[in-house]
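> Sharing the features that Swiss-Prot gives for it:
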ACT_SITE  Glu99  active site, proton acceptor
DISULFID  Cys112-Cys346  disulfide bond
BINDING   Cys119, Cys123, Cys126  [4Fe-4S] cluster binding site
BINDING   Gly171, Glu172, Ser204, Ser227, Leu228, His229, Asn303  S-adenosyl-L-methionine binding site
ACT_SITE  Cys346  active site, S-methylcysteine intermediate
Amino acid sequence: MPNSKTNIKAYTRQELRDTIAALGEPAYRADQIHRWLFSDWVTDFEKMKNISASLREELSRRYVIPSCSFENEAIEERSVSAPETSKFLVGLHDDEMVETVLIPSPDRHTVCVSSQVGCPLRCTFCATGYMGFTRNLLASEIVEQVLLVNERLGDRSPDNHVTNMVFMGMGEPLLNLNNVFDAIETLTNQSYNFSLSRKRITISTVGLIPQIGELARSGLSIKLAISLHAADQEKRTSLIPVAKEHTLEELRHALHEYADMVKEPVTLVYMLIEGVNDADQDAINLIRFAQGFLCKINLIDYNCIVNVKFNPVKAEKRDRFIHTLVNAGVHVTVRKSQGASIDAACGQLALQKKNKTASRPY
């Protein structure tokens, strides 16, 4: 028989306040409950010791406290001196799953979180897009990806914790803005047991212009990364079908406004794909796109996925592309892909442990 109780973690923070107020409780009571759920990570109302016994009983009657869990972990084999990337299969309360990636380095621990189960945008180079879309993640499910990774890091060393977070996992975060905003508010609450600063959080998007404006107006001042991959309209649309909804000039204008508002450079992510976007003219187009606003370019190699006939560029072609950008005075970083051997690199997340391997749906 299905459980008729409501998942209390499905509420945003404001919804929780409204719900607790409807029970005749003061507003601060909801904040106490929220702290128990997300800072102390309790799974039993009886452990909420500063909540009255009568309210604990009422909450137990109405609600459940589900938690996400690790279903599987894959660790990339690397040299002893290099930290290994780990990919976690995270089970959700309704038996759906997402993937979360931990990318360690000597001075930080970056967690790459998912924001949706699957993705509706069908980017042609991305395994997640071939899965199709199931649903948005709750704010709690985003937060718990960080909690789970923190727990795993603590097992390895008591002083370890997540220092940076990127919304670059499964899904398009700007299609789930309310839950993404709520998760960020929780994770950056300085009175909670996290050590995350908003300045260490990056949201990656394919470039949904109305939502970029909403993010700019939110006051969160989060760093923004754009999956650009081509500065030619036709080429970009062939890689990112939703790009047909707005011109590159409209996107550029939105990014210019965002950078001006948050006083942070926008990162233009450009994945080099052999014979697709690696020509001299492609480099020139990218230079032109990047002119006139605060931005930097991250070049990354294409990471191969099942049933997709793209290939990474050869080293000589990549070096020529980089040389063209540098000679034009463009700020460019060549980002080394981590996690490719365990299908945890950019574009490779596709729930393979759940037998949802990438296959073309169209």
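Placement of Cβ uses the backbone N, Cα and C atoms for every residue, glycine included.
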> Please tell me which one of the recorded positions listed here (Glu99, Cys112, Cys119, Cys123, Cys126) sits closest to Ser204 (S-adenosyl-L-methionine binding site), measuring Cα to Cα?
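Answer for the nearest of the recorded positions: Cys112.
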> Going by Cα-Cα distance, pick out whichever of the recorded positions Glu99, Cys112, His229, Asn303 is nearest to Cys119 ([4Fe-4S] cluster binding site).
Glu99
> What's the CA-CA gap between Gly171 (S-adenosyl-L-methionine binding site) and Cys123 ([4Fe-4S] cluster binding site) in angstrom, rounded?
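Distance (Cα to Cα, whole Å): 11 Å.
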> What does the structure give for the C-alpha distance between Asn303 (S-adenosyl-L-methionine binding site) and Cys126 ([4Fe-4S] cluster binding site)? Integer Å is fine.
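Roughly 9 Å, rounded to the nearest whole number.
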> Roughly how many Å lie between the Cα atoms of Ser227 (S-adenosyl-L-methionine binding site) and Cys123 ([4Fe-4S] cluster binding site), rounded to a whole value?
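Approximately 10 Å lies between the Cα of Ser227 (S-adenosyl-L-methionine binding site) and that of Cys123 ([4Fe-4S] cluster binding site).
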> How many neighbouring Cβ atoms, not counting its own, are there within 10 Å of the Cβ of Ser227 (S-adenosyl-L-methionine binding site)?
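Other Cβ atoms found within 10 Å: 25.
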> So which recorded positions are near Cys112 (disulfide bond), with CA atoms within 10 Å, out of Glu99, Cys123, Cys126, Glu172, Leu228?
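Matched recorded positions: Glu99, sequence order.
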> Where among the recorded positions Cys112, Cys119, Cys123, Cys126, Leu228 do you find the Cβ with the fewest other Cβ atoms within 10 Å?
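The recorded positions Cys112, Cys119, Cys123, Cys126, Leu228 were compared, and Cys123 has the fewest Cβ atoms within 10 Å.
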> Note down the number of other Cβ atoms within 10 Å of the Cβ of Ser204 (S-adenosyl-L-methionine binding site), including every protein chain shown.
21
> Once near-sequence residues are set aside, which residues in the chain of Glu172 (S-adenosyl-L-methionine binding site), 6 or more away, have Cβ atoms under 8 Å from its Cβ?
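Result: Ser115, Gln116, Cys119, Pro120, Leu121, Thr205, Val206, Leu208.
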> In Å, rounded, how far does the Cα of Leu228 (S-adenosyl-L-methionine binding site) sit from the Cα of Cys123 ([4Fe-4S] cluster binding site)?
11
